[in-house]
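Engineer: This is the structure I have questions about; it appears just below.
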Amino acid sequence: MDPILVLVLTLSCLFLLSLWRQSYERGKLPPGPTPLPIIGNILQIDVKDICQSFTNLSRVYGPVYTLYLGRKPTVVLHGYEAVKEALVDHGDVFAGRGRLPVFDKATNGMGIGFSNGSVWKNTRHFSLMTLRNLGMGKRSIEDRVQEEARCLVEELRKTNGSPCDPTFILGCAPCNVICSIIFQDRFDYKDRDFLNLLEKLDEISKILSTPWLQVCNTFPALLDYCPGSHNQFFKNYAYIKNFLLEKIREHKESLDVTIPRDFIDYFLIKGAQEDDNHPLKNNFEHLAITVTDLFIGGTESMSTTLRYALLLLLKYPHVTAKVQEEIEHVIGKHRRPCMQDRSHMPYTNAMIHEVQRFIDLVPNNLPHEVTCDIKFRNYFIPKGTTVITSLSSVLRDSKEFPNPEKFDPGHFLDENGKFKKSDYFMPFSTGKRICAGEGLARMELFLFLTSILQNFNLKPLVHPKDIDITPMLIGLGSVPPAFQLCFIPS
């Protein structure tokens, strides 16, 4: 038989098999657009604005639908009811971490953010317990954050009211808090190694939100065979991990099991106590990836939120004025802010919540995965299926937040000006995979922002109406545009 004819017949059979398989799977899964072989529904998604693509598809197929990202079926949950029903009401089933190939390759299934099964359960339980032992939610952590807020204010004073890009100054403060928790140390804001570390973190954040990375996560083979920014991501990730591995080696040499100093010490002590088959057993690589997860999550997300908060306060000076008036009334000029103040500052609390709602930092959450077969809203979702939960659709729900595209602290105030909570507020996700550092993040946002506004007036370089608050990138995260401002001592 003609070899060319054999090749054509083989390819035709593979094509038909692919169509049949997708048709069979689609018959069980929630409805969705018809996928093309190999590439799936990728042409129906704008990689520069995935959120809008998901919203458009939800209008056609409802709040629970299936997309094929490449050949892999992915269930998308859109809107508060669907997200809450999955992550809270069926929390155990939806607690798996879906595949994110760029992180799968970097972490090799270890750490706290991208692991699954017993590795994830043991690591998360240990991490939460250790963070509590180190003072999470207690006065000792608050003291650390307050001290770092003081250092941040002093560093901002050194700008002498001149225009500056706040990116790295705002990154130093949360990074130092994480450093103090992980290896009981902090850095001077001008330390070259420290700034290099922050540059790597900032670059990671930007790379993860590029359209190219979204394509790579859909077609993982590109990670191994194509040039691109993903290679820089792996270099930066390895740099941070190796930096932390060196800290781990130093801790191993100076460890006193009777007096654990920090997260690394607690992990080393725990690892020595466990059985050989336990995931925490003397595993430096696992420890390094765990603290790298905490490092990236605790530094870059907070730095980005603080940066975006200042941009919004520049854009809306009437909001800034109200916050500063409340600071003056409750705290005054000479006492440093503390967490007890928050309950007496409803407008400031509302402003911080509105910043997090409006910037929509991780629009589509990190992917989840169902840990067993489940019948969800009369649809069958088989074990191992990746699930995307659109946090953007929750944070921008017009029924809960009128005019959701408008920045308005009133979204979190009642008719009497008192702060009001909302079940729809889930920037940290919700359920079993909710951010482990949520409490610390809330504390940092309040203490850092109130400390800045207590000591400085924010001066933009252009008229507020000309300030662009459109994200520079929207991918895994939302990245604010670059800007400069002046910190004028008040």
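Glycine is no exception: its Cβ is also placed from the backbone N, Cα and C atoms.
In case it's useful when we look at the structure, here is the feature table from Swiss-Prot:
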- Cys435: heme binding site (BINDING)
- Ser127: phosphoserine (MOD_RES)
- Lys252: N6-acetyllysine (MOD_RES)
- Lys375: N6-acetyllysine (MOD_RES)
Engineer: Nearest to Lys252 (N6-acetyllysine) by Cα distance: which of the recorded positions Ser127, Lys375, Cys435 is it?
Structural biologist: Ser127
Engineer: If you draw a 10 Å sphere around the Cβ of Cys435 (heme binding site), how many other Cβ atoms fall inside it, taking every protein chain shown into account?
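Structural biologist: Within a 10 Å radius of the Cβ of Cys435 (heme binding site) lie 19 other Cβ atoms.
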Engineer: List, in sequence order, the same-chain residues at least six positions removed whose CB sits under 8 Å from that of Lys375 (N6-acetyllysine)?
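Structural biologist: Lys375 (N6-acetyllysine) has long-range Cβ partners Ile381.
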Engineer: In whole Å, how far is the residue listed as 'heme binding site' from Ser127 (phosphoserine) when you measure between their Cα atoms?
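Structural biologist: One finds 12 Å between the Cα atoms of these residues.
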Engineer: Have a look at the modified residues (Ser127, Lys252) and report the one with the fewest Cβ neighbours inside 10 Å.
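Structural biologist: Fewest other Cβ atoms within 10 Å, among the modified residues Ser127, Lys252, is found for Lys252.
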Engineer: Could you find out if DSSP has Lys375 (N6-acetyllysine) as helix, strand or coil?
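Structural biologist: For Lys375 (N6-acetyllysine) - judged by DSSP and reduced to three states - the answer is strand.
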Engineer: Which secondary structure state does DSSP assign to the residue listed as 'heme binding site', in the simple three-class scheme?
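Structural biologist: The residue listed as 'heme binding site' sits in coil per DSSP, no helix or strand.
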